[in-house]
Amino acid sequence: MALKITVIGTGYLGATHAAAMAELGFEVLALDIVREKIEMLERGETPMYEPGLEELLRRHVAGFEGSSGRLRFTQDWAEVGAFGDVHFVCVNTPQKHGEYACDMSYVESAVASLAPHLTRPALVVGKSTVPVGSADRLARTIAALAPVGEEAELAWNPEFLREGFAVQDTLHPDRIVVGVRSERAETLLRQVYETPVAEGTPFVVTDFPTAELVKTSANSFLATKISFINAMAEVCEAADGDVAKLAEAIGYDDRIGKKFLRAGIGFGGGCLPKDIRAFMARAGELGADQALTFLREIDSVNMRQRGRMVELARQELGGGSFLGKRIAVLGATFKPDSDDVRDSPALNVAGQIHLQGGQVTVYDPKGMENARRLFPTLGYADSALDAVRGADAVLHLTEWREFRDLDPAALGEVATDRLILDGRNALDPELWRKAGWTYRAMGRPTA
Ligand SMILES: NC(=O)c1ccc[n+]([C@@H]2O[C@H](COP(=O)([O-])OP(=O)(O)OC[C@H]3O[C@@H](n4cnc5c(N)ncnc54)[C@H](O)[C@@H]3O)[C@@H](O)[C@H]2O)c1
C-alpha cells in the first residue's frame, strides 16, 4: 500500500515538501501550530513567495477543482499520529537570542507533541537543520514517549533546497542524504524518494551524526566561498584590481568553479548566518572549536560587507553625513525570487543609512510586505522608478532580474544624481555608464 506522509511545520521548507510529496503521489497531511498558515494553505495560498509553489499546492490541496485532493492540513496531533507512516519534521531552528547556539525548542516541542500519538509503526524523519547530536537525543525522546514502542523510529534527512528554486530542488534534488539506524528506515526512505532516485539523484546513506554534519558543513563551505571572494574584493580595492575579472579568471579552474564567486554585500537569510554560528557553538561543546575558528572570520568578513557598502555610499556622496540625502534602495529580500527578509543584507544597509539620517526609499518586487513589517520607519515605493525619483544615489542590493532589466536612461530622467552603487556586482557597468551614470561596485575600479 502507498505510504502516507505527514509534514510538521509548513514554512518555506515544510510547505514545499508537503506539496512535493503530494506531487510524487503520496497522501499527505500537514500540520502547523500557526492557524493562519494552515488556513492560507487550505485556500491554496502560500504564506511566502516561492516561484511555482502556489500552482503546485493548488494541484493537490483537497477542495480545488481538478486537484488530486492528496494534500490536507490539520492542527490535530492525534490525527497526524493516526495517519502517517512517515512523519517529516520541518520546523524552524533559529539562532538563540544573545548567543550563537541553535534554538532547538521548536524541534523538541514538535517531537514531544507527536511522539505520544505514535500508536502505529512509524518513521519520524527530521529535516530541520540541527546541531550534530540532536538526532540521537530526539530518538531517545521518541523511544520514551511513543505508545508503539520500538516500532516508532527516527531518521535524519537534511534538506538542501534553495529559496527561489525550492520546488525544483525538492522534486529534483541534487542528492538525498539519509541518516538511519535500521534497514527498515532506509527502505521506507527509498520508497519515499523512489521517483527522484530513479531519475538519477544520488542517495547517500549515513549514520545520524554524519547526516547532521553534511548540512552544516555544506552551508559552511558555501559561506566560505562567498566570504573568500568578498575578502578578495577588499584586496582588489586596496590594490586597484578588479574582483569581477579576478572571479572570472579563477572560476575557469574547474577545481574552483564559477558559482558563488560574485563579490558584494554578502550572504544573509534564515539559514547561512545562523547555521555557521550554531556549527561553531556546537563544535565548542564537542571540544573541536579550533577546527571551526575560521568560520568566525568568514562571518566577520560577511558582516563587514554591509558596513563597507554604507561607507562606499557615504564616500560617493561626498564623504560627509547622510543627512538630507535621498537614497533609493533596490532590493529588500536576502536573495532574488523570494520574499524572505530574514537577516537581509539589503535591509541592513538600508537601515544603517536611515539611522544615520539618510532618507531611504526601498523597492522590492516581492519583499515589500515583510520589509515593512521589519523596518516600518523606512520609506517604500511601489516601483523601482518611484524609488529612484529624486534620489541622490541608487543602491542595488538584491540581484532581481527586474533590476538588471531596468532602463538606466529612463531612471536617469527621474534621479537627482546619476549615481548607481551595485552591491551585487550584477548590473552591466557599460550600460549604466553609457546612460551617464557613475557606476561603482565593491572591488571594482572606478571607471
Ligand atoms: N528556508 C530554507 O531555504 C531552508 C533550506 C534548508 C533547510 N532549512 C531548515 O529547515 C528548517 C525550517 O526552515 P524554514 O525556513 O522552513 O522555517 P519557517 O520559519 O519558514 O517554518 C517553520 C514552520 O514551523 C512551524 N512550527 C514551529 N514550531 C512548531 C511545532 N512545534 N509544531 C508544528 N509546527 C511548528 C512554524 O509555525 C513555521 O510555520 C530550519 O531548520 C532551516 O534551517 C531551511
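Yeah, the Cβs are placed from backbone N, Cα and C, and that goes for glycine too.
A TrEMBL annotation is a machine prediction, not a hand-curated record.
For the NAD(+) site, TrEMBL records ASP32, LYS37, THR93, THR129, LYS274, ARG342, and the single candidate of GLU163, GLU183, GLU234, GLU237 listed with them is GLU163. Cross-referencing LYS215, LYS245, LYS366 with the substrate binding residues that TrEMBL gives (PHE160, LEU161, ARG162, GLU163, PHE260, LEU261, ARG262, ALA263, GLY264, GLY268, LYS335) picks out LYS215.
For ALA263 (substrate binding site) paired with ASP32 (NAD(+) binding site), the C-alpha to C-alpha distance reads 38 Å.
When the binding-site residues ASP32, THR129, LYS274 are ranked by how far their Cα is from the Cα of LYS215 (substrate binding site), THR129 comes first.
Of all Cβ atoms in the shown protein chains, 25 besides its own fall within 10 Å of the Cβ of THR129 (NAD(+) binding site). Per-residue pLDDT, averaged across the domain 'UDP-glucose/GDP-mannose dehydrogenase C-terminal' (328-429), gives 98. Filtering ASP32, GLU163, LYS274 by Cβ distance to ligand 1 (under 6 A) retains the following binding-site residues: ASP32, GLU163.
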